[in-house]
């Protein structure tokens, strides 16, 4: 009977010969990708970086584990028939390098927060993989392989420390451990029983009791910020605030004394300075949650960095000049050199990244030695020139409902994608864009919140603003209140998004499509509008619970149907489509016609747009005033959404290049506007004194 092989025998033999070598090389390449790109997701929102890191992160452990298993399964007798009898011996020498790979780079320990919760799994993996590597080490320890076996010991040291550091970093960033580490010491109070006994004794003597009380102190005090290097003041402010507000990520509460302290830190700062502090503060949070920061930025961590580097260098030197390599194949020798040199290169890169972080600059700025100042300046210059000083992407995603529904430039190969059921998913991403956050946009947010702080507006009041305050200030609440007071947040976002888009397009038509003549506030308002629309569509979990997705789909269905029926009339693209939409008579309230079953708000948005345009045409307000109102409404909706989102979701966004919503939420907390300021006073000091009764 003829044996039929799907894979030719020659191909199978080739794979059996090279599979282990290819896997080892693949493991090294995956580590290189993670080291180089692992820290970039902190300040890059590019999708390809996210995909590459995700693939490398999931594959790295699997490849290293499989390779270790293959080495451990070698039969000692097999190497006698091999062209190079000692090939298994040098392959066994690769086992501790795979431990190093399992330890992972310093720049990424967790891809997502959920990985931190699996630290026990990594601990079990540490125990098992170390046992496997040690088994391989002992199995091939013979007098003939003594130099190579001895050389594996320093690599074992590196592998054990790196794998142990990774497990410890994951444990430290897990929700339970983080929460426990931030809990204050137990407070039994001032000893109520003693006060009660003293009170009873005074009453028993027949005297009156006078009770005095003074307010208690808060849990946290911001230390005196006085850095040796004056330009590093923002680092000290960011670190002090980070030390306080990392409790928020563990869902712990703060007291109002903490609120006063953190408000004082940012008092008198310009919006630009405040934004810099917030950016660095979130950088510290990212490092603690997603990297080995808790281990690396400590004295043992720094010592281990240099021990690991010394071990890696000594391994390469001894292998190059001491070990007799005539017994091994050229390919295996080359691969061993690559592993050794790769370990050194990755360790050096990790040290450079370590030196170029805000943590190092913060440490240097506290040193009084003159050399520290010069090193600080050198590192700062190097960071700026190589882009290591960024802590987030400084961009916002944009999504426009009308562009999506008009479908002026649909995805290519639409029919094929529809057959594969990928079209709907791809279509949404097709109409997504990224825009840099202009300075004016961020400064408008800071200025509006700083005004509320200066006016001593109550925290509960600021947290309830959703456009109502801006409309009240401009005396427009009666006209536009229906769009914010009587609507849920997702409904308000859709209404104001459509209205903002139509108003912006109308202004463009009035100035003959010349974007240079458009006011800056209108551009900022459009950025706010498209950004909040993107949050509603792609990150609804960051908004309060509601039917936003249903409302969005119904609105899209109505808009798509409207444009499809008027394709012959709409001849000048998406801008003309907006004008046609605006021409629809909306004097009759749409809800009266549509009813309650459909949640579309398309023509409610058109109605709102016409009311906003009437501010200019009928009420005599300037174009700048109109866009001032619109931008303030968007800022309030942005702040409301930020404050309603959980801190865990905010922390998740840090791994995607950061989210403007997260920056706004932390800014609000730093200015004292947060639901977690709940303890109004600390432990009071009570004094009891006796007052003798008059005879």
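Cβ coordinates come from backbone N, Cα and C, glycine included.
Automated prediction, rather than curation, is the source of TrEMBL annotations.
Per TrEMBL, the feature transmembrane segment maps to 20-39 (among others). Counting same-chain residues at least six beyond the ends of the transmembrane segment (20-39), those with a Cβ under 8 angstroms from any Cβ of the stretch are 49, 52-53, 56-57, 59-60, 63-64, 66-67, 70-71, 91, 94, 97-98, 101, 104-105, 107-108, 291, 331-332, 335, 338-339, 342, 346, 349-350, 353.
Per TrEMBL, the feature transmembrane segment maps to 51-71 (among others).
For 54-404, the entry in TrEMBL reads domain 'DUF4220'.
Annotation comment: TrEMBL describes 91-113 (among others) as transmembrane segment. Long-range neighbours of the transmembrane segment (91-113) within the same chain, counting only residues 6 or more positions beyond its ends whose Cβ lies under 8 Å from a Cβ of the stretch, are 20, 24, 27-28, 30-31, 34-35, 38-39, 41, 53-54, 57-58, 60-61, 64-65, 67-68, 71-72, 74, 125-126, 129-130, 132-133, 136-137, 139-140, 148-149, 151-152, 155-156, 158-166, 169-170, 173, 175, 289-292, 296, 332, 335-336, 339-340, 343, 346, 350, 353-354, 648, 651-652, 655.
Summarising the annotation, TrEMBL assigns transmembrane segment to 120-140 (among others). Distant neighbours of the transmembrane segment (120-140): 61, 65, 68-69, 71-72, 76, 88-89, 92, 95-96, 98-99, 102, 149, 152, 156, 159-160, 163-164, 166-167, 170-171; these residues of the same chain sit at least 6 beyond its ends, with a Cβ under 8 Å from one of its Cβ atoms.
Residues 89-90, 93, 95-100, 102-104, 126, 129-130, 133-134, 137, 140, 304, 307-308, 311-312, 314-315, 318-319, 322-324, 343 of the same chain sit 6 or more residues outside the transmembrane segment (146-164) yet have a Cβ under 8 Å from a Cβ within it. Residues or ranges marked as transmembrane segment in TrEMBL: 146-164 (among others).
Taking Cβ pairs closer than 8 Å, the transmembrane segment (302-323) reaches residues 147-148, 151, 154-155, 157-158, 161-162, 165, 296, 336-337, 340-341, 343-344, 347-348, 350-351, 354 in its own chain, all 6 or more past its ends. The transmembrane segment feature in TrEMBL is assigned to 302-323 (among others).
Sequence-distant neighbours of the transmembrane segment (335-364) (same chain, 6+ residues past either end, Cβ-Cβ under 8 Å): 21, 24-25, 28, 31-32, 35-36, 39, 90, 93-94, 97, 100, 105-107, 155, 158, 229, 232, 235-236, 238-239, 280, 283-284, 287, 293, 296-297, 302, 305, 308-309, 312-313, 315-316, 319-320, 328, 372-373, 375-376, 379-380, 382-383, 386, 388, 391. Annotation source TrEMBL lists transmembrane segment at 335-364 (among others).
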Report summary line: Long-range CB partners for the transmembrane segment (51-71) (under 8 A, at least six residues beyond its ends), listed in sequence order, are 19-20, 23-24, 26-27, 30-31, 33-34, 37-38, 41, 91-92, 94-95, 98, 101-102, 104, 108, 111, 125, 129, 132-133, 136
